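Enquirer: Can you keep this structure in mind? I'll have questions shortly.
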Amino acid sequence: GDFGNAKWPFGLSHNRHGLAGAGWARQQNVDQLPLATSMAGVNMRLSPNAYRELHWHKAAEWALMLNGSVRIAAMNEDGQSFVDDLTAGDVWFFPAGIPHSIQAFEDGTEFLLVFDDGKFSEDETFLVSELMERQPKEVVAKNFRTSVDSFNKLPDGQLWIFPGTPAPEDIEKQNVTGPGGVLPQHDSYSYHFSEQKPLNVPGGSIKVIDPATFPIAKGFSAALITVDPGAMREMHWHTTSDEWTYFIQGKARLTVYQAPASSRTFDFAAGDVGYVPVPNAHYLENVGDEPLIFLEVLQATTYSDISVNQWLGLTSKQIVKDHLDLPDQVLDNLPKIKPFIIPGNTNLSTTNFTGEPI
């Protein structure tokens, strides 16, 4: 059998540039990766002090800061306001329809956006500049109880990404509140994921974020995974969601198995997107000489998977032996816990990995 393409390098996507060198964005959706029907991604860069203009989307937006720092602001349906400063490794989430803005600080920023719709397009964003432009000017004046002359300097066309006035260092100067007050902490649109300690395991580490730690992002669960050279993200599959993967650092190899009788192998590098539909089994092997760092995103209320190691380790030894005819030594060493990552040899020609039980 055959398996569809599961790889898209962001470097092949069209780079749309903002105004006056203020930044750029490139996207991946079903047009680039037809297999990715449940999620789409955008890689965006804002130059120092630049804005991603006030906007909202039809889809929910989950974001990971890749570098730099930003100030984000939003308001919900109850008039509760929100503002926060984020840095590399932090996460934000805006539900569909929630208006928000993003401004880079003086160091600029780059971030990754994941949307819960494979057909999402960055070009179909609802923008405050277009909102004003597409309404009769006298209606806009009536809405804001002023003269039409007040709107003579409205932007001509989209702002999208544009240069801005530097944000004040003191966040309180931009913390505007009304009778609705501020957004409760439990409903915060941001999570300082950079401050969460990873779970260190032999061969690497894993750091999980899901609605248990970030409640507002009800349908998003993710894992930031580091795999040492020669090690691998173990053979596994997910039961409730497709997996959207972004490679941040290093080189990886993935083979995906799909019934009936189909498999395909892909090589990935930093800046690539991978996609594995549920419940196809796969692994990710570090085939480079530096730590492999990647993000797994699921449309799920809990980050979970089925570990092939653990499954066979918790199945009767005789049953596994009758199926696979494995030696007793292998059967006796099957783990009863989920390893997540399997240590390995940096010599990629090695075929004997006999070692201590996990």
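Glycine is no exception: its Cβ is also placed from the backbone N, Cα and C atoms.
What TrEMBL records for E296 is active site, proton donor. Residues or ranges marked as Mn(2+) 1 binding site in TrEMBL: H55, H57, E61, H100. The Mn(2+) 2 binding site annotation in TrEMBL covers H236, H238, E243, H282. Per TrEMBL, the feature domain 'Cupin type-1' maps to 10-152, 191-332.
Describe the structural surroundings of these features, if you would.
Expert: Shown in sequence order, A222, A223, I225, E243, W244, T245, Y303 are the residues of the chain, 6+ apart in sequence, with a C-beta less than 8 angstroms from the C-beta of E296 (active site, proton donor).
Under DSSP, H100 (Mn(2+) 1 binding site) is assigned to a strand (E or B) in the three-state scheme.
DSSP classifies H236 (Mn(2+) 2 binding site) as strand under the three-state reduction. The Cβ of H236 (Mn(2+) 2 binding site) lies under 8 Å from the Cβ of A281, H282, Y283, D305, I306, S307, V308, each on the same chain and at least six residues away in sequence.
Sorting each residue of the domain 'Cupin type-1' (191-332) by its DSSP state yields 22 helix, 66 strand, 54 coil.
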Enquirer: In the domain 'Cupin type-1' (10-152), how many residues does DSSP call helix, how many strand, and how many coil?
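Expert: Split into helix, strand and coil, the domain 'Cupin type-1' (10-152) gives 26 helix, 65 strand, 52 coil.
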Enquirer: Mind giving me a neighbour count for E243 (Mn(2+) 2 binding site)? Other Cβ atoms within 10 Å of its Cβ, every protein chain shown.
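Expert: Within a 10 Å radius of the Cβ of E243 (Mn(2+) 2 binding site) lie 26 other Cβ atoms.
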Enquirer: Around H100 (Mn(2+) 1 binding site), how many other C-beta atoms are within 10 angstroms of its C-beta?
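Expert: The answer is 18.
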Enquirer: So what pLDDT does the domain 'Cupin type-1' (10-152) average out to?
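Expert: Per the prediction, mean pLDDT sits at 98 for the domain 'Cupin type-1' (10-152).
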